[in-house]
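Annotated features in TrEMBL:
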type	residues	note
DOMAIN	29-300	domain 'Gcp-like'
BINDING	His109, His113, Tyr130, Asp294	divalent metal cation binding site
BINDING	Tyr130, Val131, Ser132, Gly133, Gly134, Asp162, Gly177, Glu181, Asn266	substrate binding site
Amino acid sequence: MPVVIGFEGSANKIGIGILRDGEVLSNPRRTYITPPGQGFLPSETARHHRSVILCLLQEALDQAALGPADIDCVAYTKGPGMGAPLVTVALVARTVAQLWGVPLVGVNHCIGHIEMGRLITRAHNPTLLYVSGGNTQVISYSERRYRIFGETIDIAVGNCLDRFARVLKISNDPSPGYNIELMARRGTQYVELPYTVKGMDVSFSGILSFIEEAANKMLASSQCTAEDLCFSLQETLFSMLVEITERAMAHCGSKEVLIVGGVGCNLRLQEMMGVMCEERGAKLFATDERFCIDNGAMIAQAGWEMFRSGQVTKLKDSWITQRYRTDEVEVTWRD
């Protein structure tokens with residue numbers, strides 16, 4: 001079976017994973033962490049990735065106990081994502097493919113999440129909720145495409161959480177969303193927030209603007225605690241996501257839900273989705289932080305599927321695409 005190495009670096013995490021026939025041989029990762037109250041800029045994130053990528057490559061090979069001669073294909077994230085980090089990782093992947101004399105495969109980041117989730121959970125044909133810092137989509141597979149049933153019309157759910165974390169000066173270590181989740185567990189009072197579902201699509205920017213403006217006033221007057229605000233924000237955002245996921249399930253007649261992407265690690269989101277699935281007689285699938293957070297193995301897995309089905313990226317076509325939609329990819333490896 002072919003051995004594929006995957007390079008991921010579309011945002012503030014950089015990972016390199018090696019995979020063979022569904023077995024993850026190695027999957028090291030590094031995260032660029034900024035001070036509380038700050039986000040991460042593309043140029044600084046790319047600088048971080050450049051400083052660690054060669055050490056990370058050696059670490060991945062060492063963990064897998066493999067050498068360059070054992071690699072059959074190099075996969076890299078083509079997009080979507082932040083331009084400078086994507087370019088940094090793509091350049092290294094292209095160079096490695098040429099030095100080692102193996103084919104190159106450009107992978108859609110979203111497809112990487114989906115295929116990793118399918119591999120780990122063994123879900124058959126689920127309705128997919130893809131939630132991360134840069135993407136929010138409800139997806140279902142049909143006729144060699146991952147079809148988008150609904151999505152955010154402005155910012156992603158992860159971005160909404162991250163930006164609220166900056167308002168409260170919550171630490172970015174290990175991630176702002178995870179720290180919000182921990183604070184939300186201590187919240188006891190629900191603060192009513194705007195709830196914006198438009199058909200199958202959702203909007204998060206209005207909720208963010210409302211809570212950004214209200215937070216300092218409410219905290220200063222002791223109307224609620226920071227934990228209450230984190231709790232309220234999570235409950236509102238996740239209720240919206242459960243609603244559109246259930247509607248997609250009803251349309252498709254689906255009995256499975258698979259949550260993928262970094263926000264998919266959130267145990268409260270999994271709990272709320274699980275309640276909905278139980279009421280519908282459906283089954284919920286999710287992964288832990290090893291595979292739902294951006295990682296190299298997910299790119300290797302999608303690249304493995306693409307490579308085995310005959311998809312190879314020519315060197316002259318190995319650019320990056322910051323806006324690379326999930327439904328643009330022809331899924332040649334599924335019936």
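The backbone N, Cα and C atoms fix where each Cβ goes, and this holds for glycine too.
Keep in mind that what you see is a predicted model, and the values were worked out from it rather than measured.
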Around the Cβ of Asn266 (substrate binding site), the count of other Cβ atoms that are within 10 Å: 26
Rounded to the nearest Å - Cα separation of Asn266 (substrate binding site) and Asp294 (divalent metal cation binding site): 14
Cα-to-Cα gap, Gly177 (substrate binding site) vs Asp294 (divalent metal cation binding site), nearest whole Å: 14
Distance from His113 (divalent metal cation binding site) back to Gly134 (substrate binding site), taken between C-alpha atoms, in Å: 13
Cα-to-Cα gap, Ser132 (substrate binding site) vs Asp294 (divalent metal cation binding site), nearest whole Å: 9
Neighbour count (Cβ, 10 Å) for His113 (divalent metal cation binding site): 32
